[in-house]
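The next block holds one structure in the form of structure tokens; read it before the comments.
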Amino acid sequence: MAEAHQAVAFQFTVTPEGVDFRLSREALKHIYLSGINSWKKRLIRIKNGILRGVYPGSPTSWLVVASATAGSSYYNVDISMGLVNHIQRCLPERYGPYWTPQTRALLSMAVVSTGVWMIGIFFFRQTLKLLLSYHGWMFEMHGQSSRVTKVWAICVRLLSSRRPMLYSFQTSLPKLPVPSVPATIHRYLESVQHLLDDEEYSRKEMLAKEFQEKTAPRLQKYLVLKSWWATNYVSDWWEEYVYLRGRTPLMVNSNYYVMDLVLMRSTDVQAARLGNAVHAMIMYRRKLDREDIKPVMALGIVPMCSYQMERMFNTTRIPGKDTDTLQHLTDSRHVAVYHKGRFFKVWLYEGSRLLKPCELELQFQRILDDPSPPQPGEEKLAALTAGGRVEWAQARQAFFSSGKNKFALDAIERAAFFVALDEESHHYDPEDEASLSLYGKALLHGNCYNRWFDKSFTLIAFKNGQLGLNTEHAWADAPIIGHLWEFVLGTDTFHLGYTETGHCLGKPNPMLAPPQRLQWDIPEQCQAVIESSYQVAKALADDVELYCFQFLPFGKGLIKKCRTSPDAFVQIALQLAYFRDRGKFCLTYEASMTRMFREGRTETVRSCTRESTAFVQAMVEGRRVKADLQDLFRKAAQKHQNMYRLAMTGAGIDRHLFCLYVVSKYLGVSSPFLAEVLSEPWRLSTSQIAQFQIRMFDPNKYPNHLGAGGGFGPVADDGYGVSYMIAGENTIFFHVSSKFSSSETNAQRFGNHIRQALLDLADLFQVPKTDS
């Protein structure tokens, strides 16, 4: 492996003859090329900033306006209504030899044209923002758009017809509206009434009424005031108080995982698969830097906010005693790699050239072939990121703030992302039900010290070439990393490819400098902290029960025949499964996005509704005829869809109450109602996994090019975490988590209840399905 001094531009030694300087020509070359590359990126950002700033206008549209102004002047038609002549009179008559009347006239026309052009841009942008504030289309039946919606769609298409860059729509997106307090209180009480007995509900209703009349008006005024000047009245507080101020371990509690393709694998060569994946990720980062990614669009015309994508790469969560911070760099030219207890730094570029996949394969193979042992304290070092945040912050300050430890830690924290080369093999074997769950467990927590849980994401490569991600949650939500992952898997399969022997295509440069081994000096006191963090993390990991399975009888295709939303279908099945599992209902959390608003993140859909509980109880009792059950099911599905739409359009419950609670804390106002609401446990936390955000291939033509989604740990100690991906027309993947320490939960038992609930719903509509 490369010595540490290879990364240093110059060294000096003191001799009897004086100071002897030794320059490294190669290192200076890297510094020079890095500077050139940095300036290129700055120029690209400036150019993109200008193009983004004038959207939906363009430089071409300015030329059209300028040409029209000049042409009208040529034909003695003053379309400026005297403004050109007025500006011309205001300009000095003498200002050098080239300052002729013609120059003054051209300058005046340019000023007027630019002003008219910018006024037009402002008008079109505000019009587009107004149009994007219309959400009536979401509440209409599919295929039955009203005349208003059709006209609206035409107008949006006209105003956004020019090919947008990634952030072109950011300033045209509307702000997240603040709901009225009475509406939020009404929806909240409606969401819990069927879960409480009459006495408890009356008490809750009195608390809510007291809050609405006495405390809420003052809090609401401050919240509305914030919404006027802040880009988004929720997102900054959500990031800080829900994520960054959390003091419990990130592993299991916050981070989530994403799986690879599970029905196919292009190669079994670990270094080759990783070489293609890393190359594809840096290709994506380059497109991200250049804003050369099309924004995600609902219906193909409604843009989603792209703000969260900014911190995908070069980002690390830095621990603090009271609160963490997110450190984001504009660029990083290396990745940090962990293998067999050692840390390495792998450069992604040779000069200004991105390494080819085969060259990255060479670098990773060099690490795999390196026989050197870990240094004292190095093997389990990453357990610090898996344990308590306060302990990690104190250790970081005490042992990693100077010297070689700081240098090595900087190499990890300033990396584009983290890479873990695992010694285990994992894959999905349909004949072995446990294989998918073991794969998920490896991604969720590994052995508690082979993932750097603070990085924006860790790319994991198993010995057999299977990949996966472990993702930190504070910087963005799951659809963002999903967008990257779809690009990586599509690029790996359909663009980069492999040789017949499973290696990356092309020939590497054998003279590439080898990866740099990071050097540590970890004292025994620090090693004791590392071991303590490891024990905390191991106890947490050992307590997680994860059950992942592929539901084969049907997928989206059959659900559509039931004439209902696939998400509503699954959510009602989850309610039926939970009631059969626990004999009662509970508050249920489903994550919905608010990305139709600027800097929007998520909102909660309280999917255990009065309508869904009525249907479940009727199903369990078994006394109703099918027609009645179908009617109850459709009412429950319609209610769920309506709540989901309300959440997406800014009329949710929980983010509003959360922000009112934050305001109350700032003002020192006590609110028993808010304190009680925010302490209610979510014993069933669910999330649907987004897919096909990028159309890189036809899924019908390549049915095996299918990922299994991802999952997360349980939110409540006696609850379940459930994520699911409706993977095409014929299958659904589920990831169910719980804790062994709870006598009330069992992930596999609940998974079996989910299976049966789905089959029972299909039988209710008598839709043919395949064998399990």
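Glycine is treated like the rest: Cβ placed from N, Cα and C.
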May I ask you to indicate which of 48-73, 412-437, 542-567, 724-749 is given in Swiss-Prot as transmembrane segment? 48-73
For the transmembrane segment (48-73), give me same-chain residues lying six or more residues beyond its boundaries with a C-beta closer than 8 angstroms to one of its C-beta atoms, as numbers and ranges. 79-80, 84, 105-106, 109-110, 112-114, 116-118, 120-121, 124-125, 128, 159-162, 164-165, 167-170, 172, 290-291
Write out, in the order they occur in the sequence, the residues of the chain not among Gly555, Lys556, Gly557, Leu558, Ile559, Lys560, Lys561, Cys562, Arg563, Thr564, Ser565, Pro566, Asp567 that have a C-beta within 8 Å of the mean position of the C-beta atoms of the recorded CoA site. Phe569
Just name the most isolated of the binding-site residues Gly555, Gly557, going by other Cβ atoms within 10 Å of its Cβ. Gly557
Could you pull out which residues elsewhere in the chain have a CB under 8 Å from any CB of the transmembrane segment (103-122), counting only those six or more residues past its ends? 54-57, 61-62, 65-66, 68-70, 73, 80, 83-85, 87-88, 91, 93
Return the count of C-beta atoms lying within 10 angstroms of the C-beta of Ser565 (CoA binding site), excluding that atom itself. 18
Same chain, 6+ residues apart, C-beta under 8 Å of the C-beta of Ile559 (CoA binding site), given in sequence order: Pro566, Phe569, Ile726
What residues, ordered by sequence, lie under 8 A Cβ-to-Cβ from His473 (active site, proton acceptor) and sit at least six positions away in the same chain? Tyr243, Leu250, Ser254, Asn255, Tyr256
